[in-house]
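Scroll down for the structure; my scribbles are underneath it.
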Amino acid sequence: MERMIGVIGGSGVYEIAGLEDARWQAVESPWGTPSDEILVGTLDGVKMAFLPRHGRGHYLSPTTVPYRANIDAMKRLGVTEIVSVSACGSFREDMAPGDFVVVDQFIDRTFAREKSFFGTGCVAHASVAHPVCGRLSAACLQACRDEGITVHVGGTYLAMEGPQFSTLAESKLYRENWGCDVIGMTNMPEAKLAREAEICYASIAMVTDYDCWHPDHDAVDVGDIVKTLTGNADKARAMIARLPALTGPYEPCEKGCDRALDYAILTAPEKRDPALLAKLDAVAGRVLNG
Ligand SMILES: CSC[C@H]1O[C@H](OP(=O)(O)O)[C@H](O)[C@@H]1O
Ligand SMILES: Nc1ncnc2[nH]cnc12
């Protein structure tokens, strides 16, 4: 197996620079059309694949991002690890706009999205107790530090449906009662689907604002967010450029992300739906055909 680092770019991150032999490649998926073509190339001898989550021109909302098609397309390309970079609001005074957070937990409050590749005809229950890959997250942390980025180790990301920002009552609930650190609209179900696809996943949340709980920041303003977003996007691209050198050649995941489906599928072989199995060829081919 060869390492291929996938990067999913969030708001403000619609391309990455410096790839050798770079080309935008269309990838077909039985789960729909991915957000965009995928920019493939090589960086320091490591294969890379970049996908802008909202599409170039930011035409997809957090609800309409085709999360399953995106993860499936990455799997079909041979991506072994996904680094997600996302804009987020902060619930903590010390996580200031411009800071990065290496997310390690999520609370999923999204409700209008398809969240699994599995279902009737092939039921599977993957564990997401530890929803990010510790090894990949450590590499991202190192890359941030090497770039001189102010980075926080660990944080709980509240994934909301959006597209509106939170009410003050919601913001206080997530911060004061639920102990969340940051808030965004896209990392769920992306992280869950990456786990089902047995792809290591790390999330770097880039703080753009203090949401609306902060006494000095009355309401979230997209104009202010965009100002911070541009600087964050530059830092994200610099961080990503350091990853190939830090990760080195492929090795099986010591945390087991690449074996997440080993005991997950419950449906008896004779009860499995051939049409669903065909769609699962990339995501679950290792366990279904192995
Ligand atoms: C730009 S403000 C809200 C928007 O930004 C984040 O997107 P992403 O996670 O893709 O960086 C947030 O989740 C919202 O979709
Ligand atoms: N405050 C916020 N809430 C949800 N998503 C965001 N993305 C950036 N800032 C956000």
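Positions of Cβ are set from backbone N, Cα and C atoms, glycine also.
Unlike curated records, TrEMBL annotations are generated automatically.
From a predicted model like this one, the values you see are computed outputs, not experimental measurements.
Going through Thr186, Thr230, Thr247, Thr267 against TrEMBL, the one listed in the phosphate site together with Ser11, Arg53, His54, Ser86, Ala87 turns out to be Thr186. A straight line from the CA of Tyr210 (substrate binding site) to the CA of Thr186 (phosphate binding site) spans 18 Å. Using the Cβ center of Ser11, Arg53, His54, Ser86, Ala87, Thr186 for phosphate, the list of other same-chain residues with Cβ within 8 Å runs, in sequence order, Gly9, Gly10, Gly12, Val13, Pro62, Gly184, Met185.
Among the binding-site residues Met185, Asp209, Tyr210, Asp211, the residues whose Cβ sits under 6 Å from any atom of ligand 1 are Met185.
Among the record's phosphate binders, Ser11, Arg53, His54, Ser86, Ala87, Thr186, no two C-alpha atoms are more than 12 Å apart, and one pair sits at exactly that spread.
Neighbours of Arg53 (phosphate binding site), defined as other CB atoms within 10 A of its CB across all chains, total 26.
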